[in-house]
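Visitor: Questions regarding the structure given below will be posed in turn.
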Amino acid sequence: MAISYNSSLQKATFFLTGFQGLEDLHGWISIPFCSIYLTVILGNLTILHIIRTDATLHEPMYYFLAMLALTDLGLCLSTLPTVLGIFWFDAREIGIPACFTQLFFIHTLSLVESSVLLSMSVDRYVAICNPLRYSSVLTPTRIIKMGLSSVLRSALLILPLPFLLKRFQYCRSHELAHAYCLHLEIMKLACSSIIVNHVYGLFVVACTVGVDSLLIFLSYALILRTVLSIASHQERLRALNTCISHICAVLLFYIPMIGLSLVHRFGEHLPRIVHLLMSYVYLLVPPLMNPIVYSIKTKQIRQRIVKKFEFVKS
């Protein structure tokens, strides 16, 4: 029987899925997931603490890094309750309002991350191509405006999705393929035409992630042109070295996203566990690896972390 969102708001539910066929091992499977979540939380909180407490890091590059850490932290916390709830308590049932709320935060924060990566590429472009104007271009006020515009753009574009899903009746299986709610997956359960959701979803991706990735590529093309015009080989390497961490963050975000899209589009014949693992890689690997990459590759961050540990030790 069809379940209408409007008439059965309290009764209508979806059912989340862990690793099907491995339910008896969910307790063991939760151990690496707990380790990942703990590392993500501690790593990003450490980055935020270092930047907040060290006045020498109150510069545009580190403000954008703090934005990235906040976004990664939010993305991690938006999936943590349902993922660990399934592994620990077999809590598969989720109400439609809670599901749509989780969906909103997951998709919004993913788009915010794309915007922050674009802002960081602008920071690198100005620092390398126009260093004399760096402090006058990237003022604290402008950085705050860039951060707020990233959040507002993402939230306003994702806000219609729950309302578009609200129109539907869900007469098919209410079982989702993941341990969290995603727009693409929920709309497939609807028993009416989903063409509007498809078109709007493609529009959102094109005007956010699509535009951001093109502008990031353009900024690095201009950076490369400027770097190659530098006479000194050592200066060229030093300029490029300041971009390594950001390039790694961009690759960590876009490669899993492209991989997940390809698996969804062309991988219907692949085992279900491949789809599951790719979705977890997309949502968990960037928040896990970004603090590690910046701690290793950014000398100032690395030195401050070592200092903090030495202070705690003493």
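Heads up, the Cβ atoms here are built off N, Cα and C, so glycines get one too.
In case it helps, TrEMBL gives these features for our protein:
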| type | residues | note |
| --- | --- | --- |
| DOMAIN | 43-294 | domain 'G-protein coupled receptors family 1 profile' |
| TRANSMEM | 28-51 | transmembrane segment |
| TRANSMEM | 63-88 | transmembrane segment |
| TRANSMEM | 143-165 | transmembrane segment |
| TRANSMEM | 202-223 | transmembrane segment |
| TRANSMEM | 244-267 | transmembrane segment |
| TRANSMEM | 273-294 | transmembrane segment |
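Mind mapping these onto the model and telling me what they sit next to?
Guide: Among residues of the same chain six or more beyond the transmembrane segment (63-88), those with a C-beta under 8 A of the stretch's C-beta atoms are 16-18, 26-27, 29-30, 33-34, 37, 40-41, 44-45, 47-48, 51-52, 94, 102, 105-106, 109-110, 112-113, 116-117, 119-120, 123, 140, 143, 147, 150, 179-181, 249, 283-284, 286-287, 290-291, 294, 298, 301.
Below 8 angstroms of C-beta separation, residues 68, 113-114, 117, 120-121, 124, 184, 209, 213, 216, 220, 274-275, 278-279, 281-282, 285-286, 289-290, 293-294, 297-298 of the same chain, each at least six residues beyond the ends of the transmembrane segment (244-267), sit close to that stretch.
Non-local neighbours of the transmembrane segment (273-294) in the same chain are 19, 36-37, 39-40, 43-44, 46-47, 65, 68-69, 72-73, 75-76, 79, 106, 113, 177-178, 180, 182, 245, 248-249, 252-253, 256-257, 259-260, 263-264, 267, 301; each lies 6+ residues outside the stretch with a CB under 8 Å from one of its CB atoms.
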Visitor: Below 8 angstroms Cβ to Cβ, which residues of this chain, lying six or more residues outside the transmembrane segment (143-165), approach it?
Guide: 5, 60, 63-64, 67, 100-101, 103-104, 107-109, 111-112, 115-116, 119, 122, 183, 186-187, 190, 196-197, 200-201, 204, 207-208
